[in-house]
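In Swiss-Prot this protein carries:
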BINDING   78, 79, 80, 81, 82, 83, 84, 85, 86, 87, 88  ATP binding site
């Protein structure tokens with residue numbers, strides 16, 4: 001049995017901590033034979049291969065009596081880059097407990113558990129459901145909408161350095177004034193409405209006019225402004241920080257994808273430039 005969870009790109013500008021899409025990079029976990037102690041085969045560097053791994057910790061949190069197994073974990077989701085690496089592991093851990101513990105969890109229950117562990121639903125929701133998910137957490141309650149995503153292309157630049165979410169949150173203001181909050185939420189409302197109605201030019205303007213986090217975080221990602229300028233000059237709808245960064249996502253018309261890809265490539269930045277697709281399936285068994 002194999003568990004597969006997609007990478008995610010959260011926020012989409014002003015949808016701070018509440019909106020995200022699933023994209024075509026994946027964490028996969030093969031559930032192999034039972035053994036006396038947990039063991040994870042992987043080639044992912046300094047990640048633990050025993051029961052101190054977040055994957056197994058998450059599973060045991062839900063089902064402490066499930067038998068230990070040998071697991072094989074593979075992933076092309078880069079760590080601490082703003083593509084939901086920790087969320088994918090949490091969601092996979094929940095499904096591991098669900099399968100081995102025969103918990104029969106609904107997707108809604110998986111989302112509630114994942115949100116409680118992660119702290120907000122913007123990554124874990126699209127990791128579970130795929131597509132574009134807009135979610136709200138008030139207390140313990142998590143409400144969400146799985147929404148159609150426009151037909152467009154995604155080009156992502158992944159810098160070769162990590163940016164931990166905790167460090168990225170440290171640059172945010174502790175509070176916004178009432179006037180600032182109203183302005184920021186109006187931009188978010190417009191971005192969502194424009195995405196859902198297919199008005200991608202207005203969606204792009206709203207995404208790039210985020211007032212919640214990107215205006216504070218972009219100075220941590222030196223590649224952001226050069227990529228944003230190059231993408232805009234070649235017809236992109238919007239450029240935004242994926243999650244807490246440092247990954248940078250460009251939304252563009254399908255016919256402009258190659259021109260934008262080449263323009264970013266010509267900047268000579270150090271990192272990985274990839275073309276991504278929307279993942280429509282989310283968490284699944286394969």
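Each residue, glycine too, has its Cβ placed from N, Cα and C.
Worth saying up front: this structure is predicted, and the values here are computed from it rather than measured.
Apart from 78, 79, 80, 81, 82, 83, 84, 85, 86, 87, 88, the residues listed for ATP, the same chain places the Cβ atoms of 7, 77, 243 within 8 Å of the centroid of those Cβ atoms. Of all the Cβ atoms in the protein chains shown, 28 others lie within 10 Å of the Cβ of residue 88 (ATP binding site). Using a 10 Å Cβ-Cβ cutoff, residue 78 (ATP binding site) registers 19 neighbours. Burial estimate for the binding-site residues (82, 86): highest at 82, by number of other CB atoms within 10 Å. Here the binding-site residues are 80, 84, and the one whose Cβ sees the fewest other Cβ atoms within 10 Å is 80.
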